[in-house]
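What Swiss-Prot says about this one:
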type	residues	note
BINDING	K9, F57, R85, T91, R102, N112	ATP binding site
ACT_SITE	H115	active site, pros-phosphohistidine intermediate
Amino acid sequence: MERTFVILKPNAVRRGLVGEILKRFEQRGIKIVGLKFLKMTREQAEKLYEPHKGKQFYDELLEFMLSGPIVAVILEAPRCLELVRHIVGATDPLKAEAGSIRGEFALTVTKNLIHASDSTDNFIRESSIFFSPSEIIDYYLDVQDDI
């Protein structure tokens, strides 16, 4: 099994889309093994987006991520990283596939509802900002045999 990390951004929370987004993952057989509702600290935001420091959009992105609560999630499934990125859609909502989360609901590149890790290394780095190993729960889905 493979894992990945996503953050439902402040606009996903404010627009009442948390349940809809999580449902899309669960309907595909993706298991939620970590889930937190929180207000991101500046330190967490700076660590998360450290690779983008110095880029034109960095300050705006940080301020947006600090503007309200977020939902941090660790997901698990076979080929999880690839599957989640397909469900999420392209970063730019105008380039996102119809039916993807961003293609259906996102407004702008910054306010695109969801952050998703783009590699296993980034999953490890990003998820460790929000979760300790003891906060990741392993369990068996009733439908797991069908996946």
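If you go along the chain as it appears here, the first residue is 1 and each next one adds 1.
Placement of Cβ uses the backbone N, Cα and C atoms for every residue, glycine included.
Annotated features taken from Swiss-Prot, shown on the structure.
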residue : record           : DSSP (3 states)
K9      : ATP binding site : coil
F57     : ATP binding site : coil
R85     : ATP binding site : helix
T91     : ATP binding site : coil
R102    : ATP binding site : helix
N112    : ATP binding site : coil
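Looking at R85, H115, the recorded positions in this record, the fewest other C-beta atoms within 10 angstroms of the C-beta turn up around R85. Distance between Cα atoms for F57 (ATP binding site) and H115 (active site, pros-phosphohistidine intermediate): 15 Å, as a whole number. Counting other C-beta atoms within 10 Å of each candidate's C-beta, the binding-site residues K9, R102 are led by K9. Each of the binding-site residues T91, N112 was scored by the other Cβ atoms within 10 Å of its Cβ; the lowest score goes to T91.
Binding residues for ATP (K9, F57, R85, T91, R102, N112) extend across at most 21 Å, taking the greatest CA-CA distance.
When the alpha carbons of R85 (ATP binding site) and the residue listed as 'active site, pros-phosphohistidine intermediate' are compared, the span between them is 10 angstrom.
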